[in-house]
Amino acid sequence: MAALSSGSSAEGASLFNGDMEPEPPPPVLGACYAGSGGGDPAIPEEVWNIKQMIKLTQEHIEALLDKFGGEHNPPSIYLEAYEEYTSKLDALQQREQQLLESMGNGTDFSVSSSASTDTVASSSSSSLSVAPSSLSVYQNPTDMSRNNPKSPQKPIVRVFLPNKQRTVVPARCGVTVRDSLKKALMMRGLIPECCAVYRIQDGEKKPIGWDTDISWLTGEELHVEVLENVPLTTHNFVRKTFFTLAFCDFCRKLLFQGFRCQTCGYKFHQRCSTEVPLMCVNYDQLDLLFVSKFFEHHPISQEETTLGETTPASGSYPSVPPSDSVGPPILPSPSPSKSIPIPQPFRPADEDHRNQFGQRDRSSSAPNVHINTIEPVNIDDLIRDQGVRGEGAPLNQLMRCLRKYQSRTPSPLLHSVPSEIVFDFEPGPVFRGSTAGLSATPPASLPGSLTNVKALQKSPGPQRERKSSSSSEDRNRMKTLGRRDSSDDWEIPDGQITVGQRIGSGSFGTVYKGKWHGDVAVKMLNVTAPTPQQLQAFKNEVGVLRKTRHVNILLFMGYSTKPQLAIVTQWCEGSSLYHHLHIIETKFEMIKLIDIARQTAQGMDYLHAKSIIHRDLKSNNIFLHEDLTVKIGDFGLATVKSRWSGSHQFEQLSGSILWMAPEVIRMQDKNPYSFQSDVYAFGIVLYELMTGQLPYSNINNRDQIIFMVGRGYLSPDLSKVRSNCPKAMKRLMAECLKKKRDERPLFPQILASIELLARSLPKIHRSASEPSLNRAGFQTEDFSLYACASPKTPIQAGGYGEFAAFK
């Protein structure tokens, strides 16, 4: 501010009050004025002085904006100076306009008008002291050579925001109203989609579009108001001590003592209070508003409805949503480089990198689990990108999960080649791709990996000589012994399984109840006459499935290849979650529903830790024992869930459309299935649990659902959840159902959030009352001898046994 007010105020006042002789205007300007009419000859000098004052005032305003315009809470002296400069600028411009109009009409000025000019110039110069060096710059302006002088437009637009706030934005040509106000709205916790903007014209508010060029509105006042249907409230902050692990929603640092909004759940440190969004927006209902507004202006025609009948994998599916769509299209992110095997989505850009190893014939020992397994990622990028979303997503839980990955991987296969896969059994060369015939020969050790490891190579090399194999005796003994844990040991010969009644059919096969050393479930897969490549790929996937052992996973017991491919799993006494929720409509208590969600997340976390993508998670594949123990089935098996052409494997749209993620429906990527696509399906399962309904129940057209979900126009209606559903569960559901794949959390975070929610629920403990003493081992005869009545129990005569004193 000191720089802005530098210079001698006395000099500025004397200059514009006539004490000093001003420099005459340029000849061109004087000639123009002289020819414009027969007015006062002193008018051109007065116009000249006013123009200099306007320029200086505008420079002061621009300097203020450059200095303090980007601050959220600018100092009060800045606001006072800004208001003073803008008011003086308005007065000067009005006076200049009057002078120019009078010159054009040839009228003469009265004494009062010249007096007012002196007053304006004097008041302006008294507050805007101008240095002599600054005046010398503007005494020879270049823009005064125009034949028709016009009033300069105002470079700013005043905007009145919700909650009695206001701001000023520069009016730049080519910049829309949305871009100009985006930062101001974001600082107040708002987005343009939930607001409407109006201009004041003739005393009335007239709506304008967000894409209007703001330079057309120079000098006008805009009013931004929140839409009526948007549930906008103010925060309800309370001070809170977080005894469980929590993180600040702004700085993402550990939070012990801070504040929390009771309405939206936003939590923060006291030092971060200035960065908290000013508005408390219910974004769940906001999504419904966007969908309803879209269909008001874009009704779906019959042609668009039939568009979903085309096969998404063929490339005919629309790929880029229109500008009115809720979210932008999902773009692949760069491939990470570190070697912790945490799941990330497949990226088509890696295919060229894999091809540098060359094309060779497929090895019979190479595991073909490339579709269900994911390359390693950078831990720092994972933590930074995923963050800690919502309550109960602690950072140490994620690090604990990473340690599980290291401890569960005894085989030496941790290296940094993007095309490698981590398994729990001792494999041959490891592949990842969508076609057979690709092979990789990873180096023995690479910098940047956690450990220097050795990997088996297909081609001859020094690493094959790690053990002497020169003697034929050793080779014969190895051939005789073989591998103890071979996948061939899990093949059940034809005729040992007794197939019973048909239970049901799904997308990839038919399930029967069978007998094989007890009750088992036999799933006959829809693969007729498998090729040798398919058969070997199927066996390789079984090599991964046979390692799954978890309380919430259906136990894999074996497989058979004759008369057709079949998977044998344990028999689950009970019904599927779909049958409970939608057929017999079992009424579960909320604590039971949360426990079912916790067990499902626990089982999926285990599968993802094994680098297995479910690909078809839904309530039909979640089974409940009689004690409500969750068992997840029908996981993995990319060989069966893909389309084969000869020896090559291709992706196809598989699964049930209600549980499909938008990127899976679009099928734009070569392999759209990822851990995040399983998370989306889990979000739909949460929706079923918390509403008791299937999503999109109001739409009967299957193709319409495929089209709208794939384009991002449709999402489940979260307003239908039960009234007693915790807010944390509703927020978790919304996170899992994000339209952008990379914005969804992973199952370690989901499991931690649900466990924290389950611990925070109020539980009614049984009181240590008299009936509990009976259960502790006392007999009724023991109480017949003593007076054990409650103080409120009326005493009856003869109720005290055989004591003579009471008779």
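Placed from the backbone N, Cα and C atoms, the Cβ positions cover glycine too.
Looking at 1-36, 541-576, 721-756, the stretch flagged in Swiss-Prot as region 'Disordered' turns out to be 1-36. Site annotation for Zn(2+) 1 in Swiss-Prot covers His235, Cys261, Cys264, and the matching candidate from Cys248, Cys251, Cys280 is Cys280. Cys272 (Zn(2+) 2 binding site) carries neither a helix nor a strand DSSP state and counts as coil.
Here Cys248 (Zn(2+) 2 binding site) is compared against the recorded positions Gly509, Val511, Asp616, and the shortest C-alpha distance is to Asp616. Taking the C-alpha atom of Gly509 (ATP binding site) as reference, the shortest distance to any of the binding-site residues Cys251, His269, Cys272 belongs to Cys251. Cα of Asp616 (active site, proton acceptor) to Cα of Ile503 (ATP binding site): a span of 18 Å.
The Cβ centroid of Cys248, Cys251, His269, Cys272 marks the Zn(2+) 2 site; residues of that chain outside this set whose Cβ lies within 8 Å of it are Asp249, Phe250, Arg252, Lys253, Leu255, Gly258, Phe268, Arg271, Glu275, given in sequence order. Neighbour density at the Cβ, taken as the number of other Cβ atoms within 10 Å, is lowest among the binding-site residues Cys248, Cys272, Ile503 for Ile503.
Geometry remark: Cys251 (Zn(2+) 2 binding site) versus Ile503 (ATP binding site), CA distance 52 Å. Averaged over the domain 'Protein kinase' (497-757), the predicted model reaches a pLDDT of 84. For Ser505 (ATP binding site), other Cβ atoms within 10 Å of its Cβ number 13. For the pair Val511 (ATP binding site) and His269 (Zn(2+) 2 binding site), the Cα-Cα distance reads 54 Å.
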